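Student: Sharing the features that TrEMBL gives for it:
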- 102-112: compositional bias 'Basic and acidic residues' (COMPBIAS)
- 19-126: domain 'CBM2' (DOMAIN)
- 1-27: region 'Disordered' (REGION)
- 80-130: region 'Disordered' (REGION)
Amino acid sequence: ASARPTRSVAKPSRTPTALPPPAPGVTARYTTVSTRIFGYTGEVVVDNRGDVPVADWTVVVTLSKGGTVAGARGADWRQDGQTVTFTGPPVPAGGSQTFTFDVRDPDPRAKAPEGCTVGDEPCAGATATP
């Protein structure tokens, strides 16, 4: 009898990627700075209350369905559906970084994002309640 070769196929594993937690002392505040029909301009201030500079920070904003970011100042951004991820320059110890972003929204009543987080922590300030 001849041996039959066996074939083993490894299944790729999917490890969910999570956002890194904010550095100790890093918080964020959201404010709507202007509104218009079918859109608004939002501002986020990232504060570093720690004793060391923070090189990397990530703020995630959740827009209402159909909302899109038309541009941002003070941060890099990418949008995937309703989720917009912002990253920016280092925040010095005891300092802050501010960025603004323009949103176009098909809902004329939309005046703020549905959510805002830095790491897993919610941003302070006014966001819409879905």
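Glycine is no exception: its Cβ is also placed from the backbone N, Cα and C atoms.
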Student: Per DSSP, what is the helix/strand/coil residue tally across the domain 'CBM2' (19-126)?
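Tutor: Across the domain 'CBM2' (19-126), the residues distribute as 0 helix, 61 strand, 47 coil.
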Student: Mind looking up the mean pLDDT for the domain 'CBM2' (19-126) in the predicted model?
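Tutor: Taking every residue in the domain 'CBM2' (19-126) and averaging pLDDT yields 93.
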